[in-house]
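Read through the structure below, which is laid out as structure tokens, and then see the notes.
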Amino acid sequence: FIAIGVYLSIGIIGYKYILLSSLPITDIIYFCCVCLSTVGYGDVIVPITNSEKVFTIFYAMSGILLWSSAIATICTEVIELEKNTATGHEMETTKATTAAKSSNNKQLFSSFSSQLQLWKTILFKSLPKPTFVILSCGYIIGRVEGWNIIDGIYFSFITATTIGLGDIVPVTKLGRMFVIILIPALLAAAGQIFASITQICIRQQQHKLFEMEYNNGLTQNDLSLMDLNHDGKISKDEYVLYMLMEMGIVEISDVNELHDQFKKFDVTQSGFIESADL
């Protein structure tokens with residue numbers, strides 16, 4: 001709710017007090033909510049000038065990104081809740097800290113300071129192509145319909161977000177034929193952008209879970225869960241596999257399936273796959 005409040009506040013300040021829209025503030029709030037929900041009624045159109053249309057492009061996209069990040073966060077939390085309920089696993093905070101362990105903590109979590117760089121890398125790799133598609137589609141339909149460059153790009157982004165305000169639409173037969181082709185391309189491009197944002201949010205949740213697991217330390221319950229072969233000892237492979245499952249990267253069903261597959265290939269039952277098993 002705080003994020004939604006901030007989003008609506010940005011819209012009010014942007015349209016009413018920076019761009020100086022002549023519409024009453026009630027209509028502006030109504031328009032911002034319509035953009036956020038992607039309903040796009042089209043009964044109240046705030047962007048009239050080019051500057052308002054450019055602002056609306058970024059405002060509409062940020063609203064979709066807000067929903068994408070919210071959905072990703074909710075999904076990861078639901079999955080984690082389901083996993084914790086199923087396993088009955090409760091984190092305990094009974095670890096004795098030492099100077100050496102503190103040093104290890106700093107070394108380990110220094111890698112997490114590069115998360116921002118990782119997110120930038122994901123965005124820089126995934127954003128240029130869909131953004132180019134959206135801009136190109138706007139340029140093409142703008143040339144066909146005789147719109148200026150701002151109107152063309154505005155139409156393209158509003159279509160990509162599925163808001164579809166209806167204030168700018170193709171009226172020529174050729175333009176509508178182009179839109180039939182452009183709409184799937186625009187939706188695919190927008191989907192790629194939102195998928196990238198979702199990926200970042202999921203990775204962030206995974207890193208938070210890893211940090212919480214490490215800071216809380218290991219308990220006897222953790223050791224019993226990690227000990228897959230029940231030999232009373234935890235190997236490096238067992239620890240890594242456990243942490244991958246805790247972060248939601250690997251599901252226990254996948255692990256069990258791979259174990260069954262390994263047993264199938266291990267014909268001699270030696271615990272290894274050798275030439276004699278082939």
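Every residue, even glycine, has its Cβ placed from backbone N, Cα and C.
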1-19, 153-171 - the one TrEMBL records as transmembrane segment: 153-171
Non-local residues, at least 6 beyond the ends, that sit with Cβ under 8 Å of the transmembrane segment (28-46): 4, 7-8, 11-12, 15-16, 21, 52, 56, 59-60, 63-64, 66-67, 158, 161-167
Helix, strand and coil totals (DSSP H, G, I; E, B; other) for the domain 'EF-hand' (253-278): 16 helix, 0 strand, 10 coil
